[in-house]
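Just below is one structure, and these are the notes that go with it.
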Amino acid sequence: MPIVPEILREVALTEEEYARAVALLGREPNLIELGMIGALWSEHCGYKHSRPLLRKLPTSGPHVVQGPGENAGAVELGDGLVVVLKIESHNHPSAVEPFQGAATGVGGIVRDIFAMGARPIALADSLRFGPLEEPRQQYLFHGVVGGIGWYGNCLGIPTVAGDVFFAPEYRQNPLVNAMCVGIAERSALIRARATGPGNLVVLVGADTGRDGIHGATFASVEDPERSHRGVVQVGNPFLEKLLLEACLEVLETGAVVAMQDLGAAGLTSASAEIAARGGTGIELDVALVPRRETGMTPYEVMLSESQERMLLVVDPEGIDRVLAIFRRWELHAVVIGRVTDDGLLRVLEDGQVVAELPVWLLTDACPTYVREAREAGEIRERRAFDPDALPDLQPAEVAEMLAALLRSPNIASRRPIYRTYDHTILTNTVLPPGAADAAVLRIKGQRFGIALKTDCNPRYCLLDPRLGTMHAVAEAARNVSCVGAEPLAITDCLNFGNPERPEIYYQLVQAIEGMAEACTVLGIPVVSGNVSLYNETEGRSIPPTPVVGIVGRLADVRRCVGMGFRGEGKVFLLGSELATLGGSEFLAQRHGLVAGAPPPLDLELERRVQACVREGIARGIVLAAHDCSEGGLLIALAESCMVGRIGGRFTTESLIAANGRLDRALFGESASRVIVQVAEGAEGALLGLARAHGVPVQELGRTGGDRFVVGELVDQPLSELIELWTTGLVESA
């Protein structure tokens, strides 16, 4: 049939890309082949705009076992164990059907982890919504949170960390980024590489339906006109639990050569990717694929994104053992093809060839684009705004401002979110959500443990995408350092608008360059990740949102500390005393502005502050640690008091004098700042430690009592602050 523009739009190929495919193939592709090319050449699968840029990121390091290019990254922990980590987006499906979109996002990221041979032990999520007082945003919020909790809870995997942010720019395009970590024996890791011609290709899991067809291309274009409910998959966490356990068991047979999740572009992507990595070809017969719907065409079978499916390459000598294990788990597993040595992805239907493409054409020949990059003038104007031109906060207004910030959705307690998640199942959670700047998990049978967190301040990234992304890396690392963990590796999820627009491509370029610089200076490799572009509707884009997921290692999990103050003791500030109002939560709440330059970031000072905090925790000097981020110093102090359920008396005169303004000193934001509570009698040790690391330090006050007192500015019962903080999100939703 002739290829007309309507068909090209359906598969998200431009006329130029179609001409490229014809030239490379030496003939016109048929409709099935065209759909396969469109899916694998989509932004979602082919990374057309980001692939050249991602090469700038540091991906190697002394602990890295597996970097980008596999289902997930892996980092050495010690004693023969590795931690496997990955983050991915499910933004577009969640905007259409929030519950199932978020739920299947969790399912997909979990499959990426056990596809490596690792047992998933924890989840984290990074979420973005519009203003929560709006009914549609409440619908999205409750749907997404409910979907994450439902799928994770049913799977028996705790959701222990994450972050959430609310801003008008996310009204039409919410973001749902899901992260999973797993633990494996290094020797048991398996790669998704289809080696060994003659080995068998096995499809296991759910029967294939029509759900999710064109899901990859849907996530690669801006198309607000169409209803896309049909491309949102429906998840079955109970089936995934069986799949997880069965896949880990069949790996023990030694007969499994490769394993791959069926995610975006379904069977097409999974088979092409494992063949490409293995330097082989694959022949499949779609007539052998179990289906739950009648009349499905080869096109639909190859592009279906039905959930809870895995593709395995199995040695023929072990196939009976593998299939027997799957039967015992009551899973439908069938041999649908074999590995070949001709480098082709050949699709049969009842033995007749219906599509045949070179694997390299699908995976390596996807065009890449370098676009014009130009910063939007409106953003330059916003960044040039000087917050000092605004009237300063008056002393009598400080307590009221503190209350307003504590109940604002971007600062209020996240308990209404994480209470819907089972965060203690598996009995590994040492520091749960809300107790610390990062979650801490033990590894059974080991003294060491891991910490994990996600971070990104989109206001900073909007105003300065390079600096804002550097802040995201620094804050994520600071968060795991504040529990005593050494940052090991990062997995990133780059959420942006339409890269064909110069101002959006500029944001993407700047963000990746900023991430590369921060990771290089801090010595943290990027081992996996995901790119989600075209997050915009009718030309209105989301702010650049490069989410950083991080994993850290604690040498002794028993020595971790939380953010809550523990009993009476002195409190100190480590890091710079200077702050800024640019891009701050205060500026948005008080003046309704997202403007000014984000705080400067000295990466060398950041590195020293984090090392100082980690050593202080390891030596037992530091009893509690909390980084100063959104809301500034006063919010950080209040949060540590509220979490620890103890009051305190603090003084800020020197900070006010140094900053020259009351609002900047109390609610201004800055990088490289951590408040710490010190063990009785250990004040001198902290001062000596700070000097040794070259870190500024000053005393802020002392904990005790049941009131929160800041000089002559604030004197309130802690219980009142707790009430404001813990109900803020509930009242908004």
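Just so you know, glycine gets a Cβ as well, placed from its N, Cα and C.
Following the DSSP three-state reduction, the secondary structure of His44 (active site) is helix. According to Swiss-Prot, the active site annotation covers His44.
A C-beta separation below 8 Å, combined with a sequence spacing of at least six in one chain, links Tyr47 (ATP binding site) to Leu54, Cys366, Thr368, Val531. For Tyr47, Lys86, Asp492, Gly529, the entry in Swiss-Prot reads ATP binding site, with the evidence type sequence analysis.
The Cβ neighbour count for Glu88 (Mg(2+) 1 binding site), using a 10 Å radius and every protein chain shown, is 26. According to Swiss-Prot, the feature Mg(2+) 1 binding site maps to Glu88, Asn530.
Long-range Cβ neighbours of Ser89 (substrate binding site) (same chain, at least 6 residues apart, Cβ-Cβ under 8 Å): Gly105, Leu175, Val176, Asn177, Ala178, Cys493, Asn495, Asn530, Ser532. Residues or ranges marked as substrate binding site by Swiss-Prot on the basis of sequence analysis: Ser89, His90, Asn91, His92, Arg111, Gln233, Glu305, Ser306, Gln307, Ser532.
In sequence order, Gly101, Ala102, Thr104, Gly105, Gly108, Val176, Asn177, Ala178 are the residues of the chain that are 6 or more apart from His90 (active site, proton acceptor) and have a CB within less than 8 Å of its CB. According to DSSP, His90 (active site, proton acceptor) sits in a coil region rather than a helix or strand. According to Swiss-Prot, the active site, proton acceptor annotation covers His90.
According to Swiss-Prot, the Mg(2+) 2 binding site annotation covers Asp112, Asp261, on the basis of sequence analysis. DSSP assigns Asp261 (Mg(2+) 2 binding site) to a strand in the three-state reduction. Its Cβ placed at the centre, Asp261 (Mg(2+) 2 binding site) has 29 other Cβ atoms within 10 Å.
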(request) List the same-chain residues at least 6 positions away in sequence whose Cβ sits under 8 Å from the Cβ of Asp112 (Mg(2+) 2 binding site), in sequence order, or say none. (result) Asn71, Ala72, Lys86, Glu88, Cys180, Asp261, Gly263
(request) Within 10 Å of the Cβ of Asn91 (substrate binding site), how many other Cβ atoms can you find? Include all protein chains, please. (result) 26
(message) List the residues in the vicinity of the ATP site, defined as same-chain residues other than Tyr47, Lys86, Asp492, Gly529 with C-beta within 8 angstroms of the site's C-beta centre.
(response) Leu54, Pro68, Ile87, Glu88, Thr491, Cys493, Leu494, Val526, Ser528, Asn530, Val531
(request) For Gln307 (substrate binding site), identify the closest of the recorded positions His44, Asp492, Gly529, judging by Cα separation. (result) His44
(request) Based on Cα distances to Gly529 (ATP binding site), point out the closest of the recorded positions His44, Asn91, Arg111, Glu305. (result) His44
(message) Under DSSP, is Asn530 (Mg(2+) 1 binding site) part of a helix or a strand, or is it coil?
(response) strand
(message) Measuring Cα to Cα, how far is Asn91 (substrate binding site) from His44 (active site) in Å?
(response) 12
(message) Give me the CA-CA distance between Glu305 (substrate binding site) and Asp492 (ATP binding site), in Å, as a whole number.
(response) 23
